[in-house]
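Q: Can you read through this structure? Questions will come right after.
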Amino acid sequence: MAKTFYVVVIVLCLGFIHQKAYGVYMQKLSDKKLCADDECIYAISFGRAEDDYNAPDCRFVNLKKGELVYIYTKLVKENDDAGEFWSGSVYSDQYRDQQGLVGYFPSSLVTELTVYKDELQELPTTAVDFYCD
């Protein structure tokens, strides 16, 4: 009985030690971001997609022309050659009471309709900001 107990404990311990991570850390799009608050959980603004956008990888979100978008962060453009990206989620009745899929998209594709917060906080980006599940 005691031998079985020790075998079970060892197997459980090995199971906790050997955990797999399925996410992928992708290249950072920027070193700084602008947010409405210090945790970047409140929306900066609300906008409308002016054109379709197909996400090139898991960091980005698909947009369809006319969709409404909540904007949560604005990445700080590092140089003139770099694109300017915002992160947000598409508004739909399905996600009325919860936040939908959040991802990046080019800022040139979305027109802000309502700005909730004018004074934004500049914060450093982290690897988690560009993490793909």
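Yeah, the Cβs are placed from backbone N, Cα and C, and that goes for glycine too.
The disulfide bond feature in Swiss-Prot is assigned to Cys35-Cys40, Cys58-Cys132. For 42-115, the entry in Swiss-Prot reads domain 'SH3'. As annotated by Swiss-Prot, signal peptide applies to 1-23.
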Q: Would you mind reading off the Cα separation of Cys132 (disulfide bond) from Cys40 (disulfide bond), to the nearest angstrom?
A: 18
Q: With helix taken as DSSP H, G or I, strand as E or B and everything else coil, how many residues of the domain 'SH3' (42-115) land in each class?
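A: With helix first, then strand, then coil, the domain 'SH3' (42-115) has 6 helix, 33 strand, 35 coil.
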Q: Measuring Cα to Cα, how many Å separate Cys35 (disulfide bond) from Cys58 (disulfide bond)?
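A: Cα-Cα, rounded: 21 Å.
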Q: Cys35, Cys40, Cys132: which of these disulfide-bonded residues has the sparsest Cβ neighbourhood within 10 Å?
A: Cys132
Q: Tell me the Cβ neighbour count for Cys58 (disulfide bond), meaning other Cβ atoms within 10 Å of its Cβ, over all protein chains shown.
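A: Here the count is 14.
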Q: For Cys40 (disulfide bond) and Cys58 (disulfide bond), what Cα-Cα distance in Å is obtained after rounding to a whole number?
A: 20
Q: Restricting to the domain 'SH3' (42-115), what is the model's mean pLDDT?
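A: It averages 88.
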